[in-house]
Each structure stands twice: as structure tokens, then as C-alpha cells.
Amino acid sequence: MEKLHDAIRAMAWTDAGLELLDQRKLPLAESWLVLCDCASVARAIRDMVVRGAPAIGITAAYAAVLAARERYARQPSDWRTGFAIDMQNLAQSRPTAVNLVWAVERMQQLAFSLNGNPVPVLLSEAQAIHEQDIAANYTMGERGAACIDDGSSVLTHCNTGSLATGGYGTALGVIRSAWSDNKLNAVYADETRPWLQGARLTAWELVQDSIPVTLLVDGAAAWLMQQGRVQWVIVGSDRIAANGDVANKIGTYAAAVAARHHGVRFMVVAPSSTVDMGTACGADIPIEMRAEQEVLSAGGQPVAANGAQAWNPAFDITPAELIDVIVTERGIVEHPDTVKMRSLMV
Ligand SMILES: CSC[C@@H](O)[C@@H](O)C(=O)COP(=O)(O)O
């Protein structure tokens, strides 16, 4: 299979520090920030410089390297105390994407098992996490594409591509693979208010791959399905609970309800680092609430009547019963439930 758009990367480790492509500025500008300390990376995650669950996890792994470098240089005999505080702050930068906590715990556990300077080993581990994510995406791309019939059209929500992962993408990876297998007629993308990840990021990635993309406002998705224009809705996830309930970008639940009503199949694509077997069901997943201002304005300009308030949950929960298939690098789970998720994750 031809691997499409290996060139887009959300993050890169260099001698200068961790470089992050500033996703708030895309597609108008491609600018990179160079961050040299863990606190700046935590802020960048909170402020959406980098976003998307797997990308946040990888970024956190590199941030742990920065934290160890700082703390070990300052206090080689007792770097662990400060490092643990840094990891705690980092883990709190965004609450819903479990890949963040997963990466922080993996890095901290390794760090505390080491003697001497922890930095070289932690850097190798962060790079391994990054590479494993890319490999998982290619595997999921093939597995997900195999579920799709020739001549299908698909709808996706938010951005789940190279920008949201180590590279290639989860749901967008499946779309890339299905496109290169000549299976797709059309790709539709919700614009994804309020941050417009669909319009700004997914469209940007697909245009670079020369995959035709048609944007729609989120409220048009149900009508698109009613018109019989798509056979699959394909999304990523920020956390999958032990029973198969899925947290993803706000609007995913509405798309899943509409899909079931119209007989459109619903696919969730996520690496096993997104599966949280310690959380029993969707009701136990913390949903990030973001600033009202994100809804009351667009592109920095106010769009609402002065004095109006806004409700801005960043994610919602799609119950397992609305999901036809979860695709991971470990395998595929059809009609997920606790028993099937448990056997996937052993
Ligand atoms: C592979 S990305 C899966 C999810 O992280 C994605 O769908 C999503 O909801 C991203 O939300 P964001 O708020 O942009 O971080």
C-alpha cells in the first residue's frame, strides 16, 4: 500500500527542544514553537497548540524528557521529587484524553526505575512511543479500510489525522488507506465547531494528499445521512471505557444517533493507548469544559449577542450500543461490550 503523506508531523524532537506545529494557526500559517521546559509544554497542550489524543500523549512523553533534563541538571541527587510534581501538572493539562495519563505514567515508571542520568533512556522511550503510534496507525488504517465496501462514501468529525497523532492518523488513517485502495467515492468532513478542527485541519491534510473533501456544518450531518450520501461515519476517540463507550469531540454522539437512525454504519478508530479499562463506562469519563469565549466568538471576532452565555463541553460520550466497530492495532471489536473489550486488551 502506498503510504500517503508521511510528511505532516505535529511534533519533532531536536537538539533545541520539542518543536510543536502551532495548530491554532493552521491552515493560514505553518509556524513552529520550540519548547524547552515541561511547564511550557503543559500550557501548549491546554491552549491547543497540539491536540488530538495520541498527539497529546506523545507530546507528554517528550515533555517528561524535558522535565527530567531540567530536574537532573539542577539536582542530580534528588531530581525525582521535582520530576513527580512536573508529571502531576502535565497529566492535568487536559482531562479527557487518556493517552496523556497513559504516557505520563509510562514515562514516570521508567524514570523511577533508572539510576544515574535518566535523560537518554527517557528520550529513547518517548521516541519509541512516537514510532509505535505511527505503526499502530498504519495497521488500523489497513484493518479499518478492509471493513469498507468499494464505492462507499464516508463522513468524519474533528481532526484525527497526522496532526492528531504521531503521523498518518486514526479515523483519517482509515480514510487515507481506503482512498488509496480506491474504495471511496467521497469524503465529507464536519467543520467541528468551535475550534473548526474539521475545516482547518482535516481539510488541510486531505487537500495535501489530493483526496477531495467536502465540508459541512455540524448541523448538516444528519441531513447528509438522510439523503443516503454516506455509508460510514468514521471517528477517533479520546478515551474508550471498559464497556466500549467512547468519548470523542463534541458532536460525535449526535452523529452516532443520526447514523443509527439512518442505517449508516459507525466506526471508531483508536490505538490501545486510548482504551481505559480502569474506567467502567462512559459516565465515569471526565468531560473537559472549555471557555465560553470559544463559542461566543469565531476567528477572534465576537459572533454572539453581548450578554449571551455559552455551554462548551469539548467532548461527548457515544454509548457502545451505537457503535458498529472499534478498530485498534490489536484487532477489531464489533458491537463492543465489556467482555469483548477485555479480551482485546489482555
Ligand atoms: C486521533 S484523534 C481522536 C480524538 O482526539 C479527536 O477526535 C478529538 O476529539 C480531538 O479533540 P481536540 O479537542 O482537538 O483535542
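Don't overthink the numbers, they just go from 1 along the chain as shown.
Every residue, even glycine, has its Cβ placed from backbone N, Cα and C.
Per TrEMBL, the feature active site, proton donor maps to ASP238. For ARG51, GLY52, ALA53, ARG94, GLN197, ASN248, LYS249, the entry in TrEMBL reads substrate binding site. Feature annotation from TrEMBL assigns site 'Transition state stabilizer' to CYS158.
Location within the structure of each feature annotated in TrEMBL.
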| residue | record | Cβ within 10 Å |
| --- | --- | --- |
| ARG51 | substrate binding site | 27 |
| GLY52 | substrate binding site | 30 |
| ALA53 | substrate binding site | 29 |
| ARG94 | substrate binding site | 23 |
| CYS158 | site 'Transition state stabilizer' | 30 |
| GLN197 | substrate binding site | 27 |
| ASP238 | active site, proton donor | 31 |
| ASN248 | substrate binding site | 28 |
| LYS249 | substrate binding site | 27 |
Between CYS158 (site 'Transition state stabilizer') and ARG51 (substrate binding site), how far is it from one CA atom to the other, in Å?
11
Measuring Cα to Cα, how many Å separate ALA53 (substrate binding site) from ASP238 (active site, proton donor)?
5
Could you check what DSSP calls ASN248 (substrate binding site) once collapsed to helix, strand or coil?
strand
Would you measure the largest Cα separation among ARG51, GLY52, ALA53, ARG94, GLN197, ASN248, LYS249 for the substrate site and round it to whole Å?
17
Nearest recorded site to the residue listed as 'active site, proton donor' by CA-CA distance, among binding-site residues ARG51, ASN248, LYS249:
ASN248
